[in-house]
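Below: the structure, in structure tokens.
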Amino acid sequence: MGGGGNMTKIDQKIKVPLSKPPFILSELKKAIPPHCFQRTLVRSFSYVVRDITLVFVLGYIAANYIYVLPSPYNYLAWPIYWFALGSVFTAIWVIAHECGHHGFSNYQWIDDTVGFIFFTSICVPYFSWKYSHRRHHSNGGSLEYDEVYVPRLKSELRWFSKYFNNLPG
């Protein structure tokens, strides 16, 4: 990055670490304050209320104000609205994703209920996703067993891939 395509092999090896870091995951987890791992229903549902409120506020603005803007401005306002609404729906997806990881509350049935409602609202099958996503995490980085992201073997890459990808030596 920033080398204008003139990266040397030394630069590539610095960008792609091939050795394990000097710490283990448990040491990293111990460095995070314990209160960061505590789930509360009040905080979790405050995010739900915030995101649903933003969806309705943005919808109200779009339905009542964007179409009355003068011609060049309404063409600019719609993409801004789409971006803002897409950002809020991404936040809704993240909440549903955390429900699948049992990170929303201390109660599995609440996580499953909220995750099901939110994922259904954006046309994603919650329980199917939850099981396949769990398998993805248990097999992450595996060329043989990961279902979601299976990278190609180095021998299968095309000749120009070494110029566009950040591959190790």
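Placement of Cβ uses the backbone N, Cα and C atoms for every residue, glycine included.
Unlike curated entries, TrEMBL annotations are predicted automatically.
Residues or ranges marked as domain 'Fatty acid desaturase N-terminal' by TrEMBL: 17-58. If you look up TrEMBL, you'll see 77-160 marked as domain 'Fatty acid desaturase'. Positions annotated as transmembrane segment by TrEMBL: 47-68, 80-97, 109-129.
When averaged over the domain 'Fatty acid desaturase N-terminal' (17-58), pLDDT in the model lands at 91. Through the fold, the transmembrane segment (47-68) approaches residues 74, 77-78, 81, 84-85, 88-89, 91-92, 95, 114 of its own chain, all at least 6 residues removed from its boundaries and within a Cβ separation under 8 Å.
The residues of the domain 'Fatty acid desaturase N-terminal' (17-58), classed with DSSP into helix (H, G, I), strand (E, B) and coil, number 29 helix, 0 strand, 13 coil. Assigned with DSSP, the residues of the domain 'Fatty acid desaturase' (77-160) fall into helix, strand and coil as follows: 54 helix, 0 strand, 30 coil.
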